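Marked as Zn(2+) binding site by TrEMBL: Cys131, Cys133, Cys141. Taken from TrEMBL, the feature active site, schiff-base intermediate with substrate covers Lys216, Lys269. Among the features that TrEMBL reports, 5-aminolevulinate 1 binding site is placed at Arg226, Arg238. As annotated by TrEMBL, 5-aminolevulinate 2 binding site applies to Ser296, Tyr335.
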Amino acid sequence: MSNTIRSPELEISSILHGGIHHPLLRSWQANGRTLTKSMFIYPIFISDNPDAEEIISTLPGQKRWGINKLESFLGPLVKKGLKSVILFGVPMKIQKDAIGSAADSPETPVILALQLLSKLFPQLLLVIDVCLCEYTSHGHCGILSSLPNPTHSDQPTIDAQASAERVAEVAINYAKAGAHVVAPSDMMDGRIRTIKLGLMRSGLANRCAIMSYSAKFASGMYGPFRDATGNAPMFGNRKCYQLPPNGRGIARRAIRRDAAEGADILMVKPALPYLDIISDCAQIAPEYPVACYQVSGEYAMVVAGAEKGIYDLKAMAFETTEGMVRAGASIILSYFTPQFLDWLGEER
Ligand SMILES: NCc1[nH]cc(CCC(=O)O)c1CC(=O)O
Ligand SMILES: [Zn+2]
Ligand SMILES: [Zn+2]
């Protein structure tokens, strides 16, 4: 018996180890779908207390920032390669009302932040979340109809047209204040088209993109965000306008619809439990950049497990995020962005 052929029973196609024995060989297995700093958008909470730097207990490591703190907070991150932020308003002092008037009042913190950040960091891509829930007295993402909900008396009925029009008005005011990208998370029917037409009529369509939260599910993973922003609904829930977690088909319809209505970028949210939807999105709309949002609860879950010693934080942050990229995302909204700016600058 010859020693040169040690495993004649193995087929040539059985051999995988040869392709992964060196770090560079392993990195090539990504087929170019590899994480880079420019994929990340960092979510930032903007307080209406200008000097705020407040810890958010359920969102470890993240804070509510006053606009006076933004330069010293973001400056070092921009130096490390931060390319984009998404802003969320956290109004503590303002008057909330039925239509969320404070969302785009001239002194609302996100408008001040957009104006300031455009001056401080002209290269930074400014994305802004567009929704009413932080500013409405009822805490819902749209405008409510006076009609009772036909199936659940404890649930709201949405006035779809009034909602889309109000959301578009807010989006256009954010674009005027310097947003490069408006990202409607309200999930009202028809809002992408209404926003796009509004941008066109205002002469803003060629300098403001729409990143649609196209497939946003009614998830249990928004809890820390709701603590951070105080946007929990006063009654009922968001199941009449956010997608049901079992709904792969309606998610595909939502993606197609938002593309047809004028979205420039399509988003799936949350990310980790919805990798199939990310993959669907990349296949349904291959002409569009696909974004996904690793939401507050996913982030808190990864951090909590690491704190319990279940796994290594960095390894798990990479593994979860690489899953999203593998599924088809090329843009990641992540609370891990500051760490990735360090990690992706290191030798791995
Ligand atoms: N329109 C509100 C909004 N915009 C972004 C998030 C979630 C982000 C996160 O959990 O990190 C939510 C939560 C919600 O629907 O209550
Ligand atoms: Zn909302
Ligand atoms: Zn309902």
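The backbone N, Cα and C atoms fix where each Cβ goes, glycine too.
For Arg226 (5-aminolevulinate 1 binding site), the recorded positions whose C-alpha atoms fall inside a 10 Å radius of its own C-alpha are Ser296, out of Cys131, Cys141, Lys216, Lys269, Ser296, Tyr335.
In space, Arg238 is the closest of the binding-site residues Arg238, Ser296, Tyr335 to Cys133 (Zn(2+) binding site), judged by Cα positions. Under 8 Å, Cβ to Cβ, and six or more positions away along its own chain, Lys269 (active site, schiff-base intermediate with substrate) finds Ser185, Tyr213, Ala215, Lys216, Phe217, Ser219, Cys292, Tyr293, Val295, Leu333. For the binding-site residues shown (Cys131, Cys133, Cys141), fewest C-beta neighbours within 10 angstroms: Cys133. The Cα atom of Cys141 (Zn(2+) binding site) lies nearest to that of Arg238, taking the binding-site residues Arg238, Ser296, Tyr335 as the candidates. Classification of Lys269 (active site, schiff-base intermediate with substrate) by DSSP places it within a strand.
Sequence-distant neighbours of Tyr335 (5-aminolevulinate 2 binding site) (same chain, 6+ residues apart, CB-CB distance under 8 A): Tyr42, Pro43, Leu59, Gly61, Gln62, Gln294, Ser296, Tyr299.
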